[in-house]
Amino acid sequence: MLHLLALFLHCLPLASGDYDICKSWVTTDEGPTWEFYACQPKVMRLKDYVKVKVEPSGITCGDPPERFCSHENPYLCSNECDASNPDLAHPPRLMFDKEEEGLATYWQSITWSRYPSPLEANITLSWNKTVELTDDVVMTFEYGRPTVMVLEKSLDNGRTWQPYQFYAEDCMEAFGMSARRARDMSSSSAHRVLCTEEYSRWAGSKKEKHVRFEVRDRFAIFAGPDLRNMDNLYTRLESAKGLKEFFTLTDLRMRLLRPALGGTYVQRENLYKYFYAISNIEVIGRCKCNLHANLCSMREGSLQCECEHNTTGPDCGKCKKNFRTRSWRAGSYLPLPHGSPNACATAGSFGNCECYGHSNRCSYIDFLNVVTCVSCKHNTRGQHCQHCRLGYYRNGSAELDDENVCIECNCNQIGSVHDRCNETGFCECREGAAGPKCDDCLPTHYWRQGCYPNVCDDDQLLCQNGGTCLQNQRCACPRGYTGVRCEQPRCDPADDDGGLDCDRAPGAAPRPATLLGCLLLLGLAARLGR
């Protein structure tokens, strides 16, 4: 009977844009089967599942007992905070309790009695689960809102933090930022972090209590002021980079940096009126299940998705065993109105194993949670055989499933650094080499089983003394000259006695040794003539 009831509920008509049904029993030509849809859990009050932590230790009032007063009656300090007295204590849990009408219960910090040392507090809300905000975060302060505050979020259970929104009565002075309002942002800036002055200026502690992180104003940029065009919002959540992730978190942290001052400067004569007091923190959202579940419940002390589509894990972030023929993928809101489930599939559900026809075998890598192709053919490689092997490049005129999708680089072994090339087929050349395959030389080099710098040319490396440059490799020097570029006179043996005859070009000055020999001969001839 219960099985029939469950089947009946799954067969109810699908509500457009709600994404509240994960599967439906349908009849096909091959018989009845389940049809899957993208789905998500219902919105809930996340504060009912939160764990709160207040830092630093000793920031909560009452230990030891302490007097305090309000800004309205700053000199009537008859109020007392005493942690040992339940009627006078203000522990952190009172930020999330159910209050009777007309009676506010609240957490309260110590007063600023140690001024000028800063009065700062961190309030961390943790869910140990990835959640998505669907409405404004509303923080209610008794006795005045902080004049400086930062709201931060974490995506990794509090290991790292990033700013979510800045709050100050003067944004430029506090954070060096211009003040902005969420309602004035554009579609391209809806996920940017801003500083607002809207919730920090003094308006009387009993008049303005709320501090907001505006989710609805950001949604309204896409869905309209009444949030009626949800189809457009879902479309933008899928298509706008970073938008969906902006509303996703595991933890929130309020960094209270300066308390309410009552619209004036700090008055040193009465520091008991400066403190923080929070009566409520409202967080509306849903479990993030990657559009693979419509139910989320407390199990083993934390929220967990009740996964469909053959997925598993706290966020339905993995495929079940025996359903790993293809890599896990999150569901999608598109196409409207039911989205794409991207369900994990059993073995044999996909004949080509998503390898573009270059392999018919796949393997599941557990620690990476991916399915990868094995033994890619046609010189391909990669998770889906979508890349070319080293030494090959993509054929731009061929489709990914073409056997000739990868072309060999054919780099010249001597002129190239290695046998690999870039995506256009150009090889990495050694010094002096050029050309797509490195089989040519730069104009300043010549080829001889590799590229070598020119010895001579007709431009800058000229052969001297009438020499002729032969193929940029050497200078052919005229009689009487030698050297790389014919820059040195040549000396040859002159007789059998080992003397040297240094030829010189016409008009060249005689060498000193030759001149000395001539003088000696002239002297000898003069003596003989006597």
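The backbone N, Cα and C atoms fix where each Cβ goes, glycine too.
Taken from Swiss-Prot, the feature domain 'Laminin N-terminal' applies to 35-286.
Below 8 angstroms of C-beta separation, residues 60-63, 108, 143-144, 204-206, 260, 262, 267, 270, 272-273 of the same chain, each at least six residues beyond the ends of the region 'NGL discriminant loop I' (69-88), sit close to that stretch. Feature annotation from Swiss-Prot assigns region 'NGL discriminant loop I' to 69-88.
Marked as N-linked glycosylation site by Swiss-Prot on the basis of experimental evidence: ASN122 (among others). Under the DSSP three-state reduction, ASN122 (N-linked glycosylation site) is assigned to strand.
DSSP assigns ASN128 (N-linked glycosylation site) to a strand segment in the three-state reduction. Counting only same-chain residues at least 6 apart in sequence, those with a Cβ under 8 Å from the Cβ of ASN128 (N-linked glycosylation site) are LYS51, ASN157, THR250, GLY301, SER302, LEU303. Summarising the annotation, Swiss-Prot assigns N-linked glycosylation site to ASN128 (among others).
Summarising the annotation, Swiss-Prot assigns N-linked glycosylation site to ASN310 (among others) and lists sequence analysis as the type of evidence. For the recorded site, ASN310 (N-linked glycosylation site), the DSSP three-state label reads coil. If you take the C-beta of ASN310 (N-linked glycosylation site) and look for same-chain residues 6 or more apart in sequence within under 8 angstroms, you find CYS319, LYS320, PHE323, ALA343, CYS344, ALA345, THR346.
The domain 'Laminin EGF-like 2' annotation in Swiss-Prot covers 353-408. The residues of the domain 'Laminin EGF-like 2' (353-408), classed with DSSP into helix (H, G, I), strand (E, B) and coil, number 3 helix, 18 strand, 35 coil.
Within the same chain, residues at least 6 positions away in sequence whose Cβ sits under 8 Å from that of ASN395 (N-linked glycosylation site) are ASP402, ASN404, VAL405, CYS406, ILE407. The feature N-linked glycosylation site is assigned by Swiss-Prot to ASN395 (among others).
Positions annotated as N-linked glycosylation site by Swiss-Prot, on the basis of sequence analysis: ASN422 (among others). Every protein chain shown contributes to the tally, and the Cβ of ASN422 (N-linked glycosylation site) ends up with 10 other Cβ atoms within 10 Å. In this structure, ASN422 (N-linked glycosylation site) belongs to neither helix nor strand by DSSP; it is coil.
ASN122 (N-linked glycosylation site) and ASN422 (N-linked glycosylation site) are 51 Å apart (CA-CA, integer value). Looking only at the domain 'Laminin N-terminal' (35-286), the predicted model's pLDDT averages out at 93.
Listed in sequence order, LYS53, VAL54, GLU55, PRO56, ARG253, MET254, ARG255, LEU256 are the same-chain residues six or more apart from ASN122 (N-linked glycosylation site) with CB atoms under 8 A from its CB.
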